[in-house]
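Okay, so here's the structure we're looking at.
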């Protein structure tokens, strides 16, 4: 028997009564000792500086709404926590919900005005879209497809680090898909651009929503074909082959990057394959 999803997205009517709500400001999401969801009626009594409200779905059957604040404010007994911290710890279903909420918030903030004429937009009832009446344009949440690939050579894996990474951490190669390009073409191009290596036997492994701010990560495994590593200037601080028994600090456990690495380690050792987060 299939288990129902704890979190499901939906476009809910903000005029409806009741339900729960999550609250986002420039400091992250509101949190207390019970979590990041609050009774909607209780929040209404706090006189929060709400910029917009959105019905985003159901968590364990309860309707959930998003309140986007104009600025962060102090709420007694509560604190603000960034989205990445929710990813690293706690209930992963809650992170999935907040990740969706963050993307809705980004979309609503970036599409308050039409990009064609500059006029104010309105949210379409029953649809996740903003509308410009003047240009008859519907503006939907942005999703940016990107690839991430683990390149392997026997008992070695190719890992790299960006100057933006946490000190010492290495990860799989990644990059955004260009217009007119397939995900597979993107993998070959990005690997060549970033490390000057050719790959073969490309295999799709799975995908993960990456709401920082709106990526869809498409995960791949590839085998090394030819070429010596030459890191791309300014983009890649270091790249090298690591033996699977001597790896550097790796990405967070709940990331698709970590899954690709753990899946290959399991394959080499004969251990059970890990589960892709999300």
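Glycine is treated like the rest: Cβ placed from N, Cα and C.
The annotation substrate binding site is assigned in Swiss-Prot to 84, 127, 140, 208, 209, 210, 211, 212, 213, 214, 215, 257 on the grounds of sequence analysis. Taken residue by residue with DSSP, residue 213 (substrate binding site) is part of neither helix nor strand, so it is coil.
Around residue 117 (Zn(2+) binding site), the same-chain residues at least 6 positions away in sequence with a Cβ under 8 Å from its Cβ are 132, 134, 135. Look at Swiss-Prot and you will find 114, 117, 132 tagged as Zn(2+) binding site.
Sequence-distant neighbours of residue 174 (divalent metal cation 1 binding site) (same chain, 6+ residues apart, CB-CB distance under 8 A): 146, 147, 148, 149, 190, 217, 257. Per Swiss-Prot, the feature divalent metal cation 1 binding site maps to 174, 194, 235.
What Swiss-Prot lists as divalent metal cation 2 binding site is 190, and the listing cites sequence analysis.
Sequence annotations record features per position, and here Swiss-Prot assigns divalent metal cation 3 binding site to 190, 194, 235 based on sequence analysis. Residue 190 (divalent metal cation 2 binding site) falls within a helical segment according to DSSP.
The annotation domain 'Nudix hydrolase' is assigned in Swiss-Prot to 141-264 on the grounds of sequence analysis.
Here the motif 'Nudix box' (175-196) has a mean pLDDT of 98 out of 100. The annotation motif 'Nudix box' is assigned in Swiss-Prot to 175-196 on the grounds of sequence analysis.
In sequence order, 212 constitute the residues six or more apart from residue 84 (substrate binding site) in its chain with CB-CB distances below 8 Å. In the three-state DSSP scheme, residue 114 (Zn(2+) binding site) is classed as coil. Taking a C-beta cut-off of under 8 Å and a sequence gap of six or more, residue 235 (divalent metal cation 1 binding site) has these contacts in its own chain: 162, 193, 194.
Rounded to a whole value, the Cα-Cα separation of residue 209 (substrate binding site) and residue 114 (Zn(2+) binding site) is 26 Å. In terms of DSSP helix, strand and coil, the domain 'Nudix hydrolase' (141-264) has 22 helix, 52 strand, 50 coil.
Distance noted between the C-alpha atoms of residue 211 (substrate binding site) and residue 114 (Zn(2+) binding site) is 23 Å.
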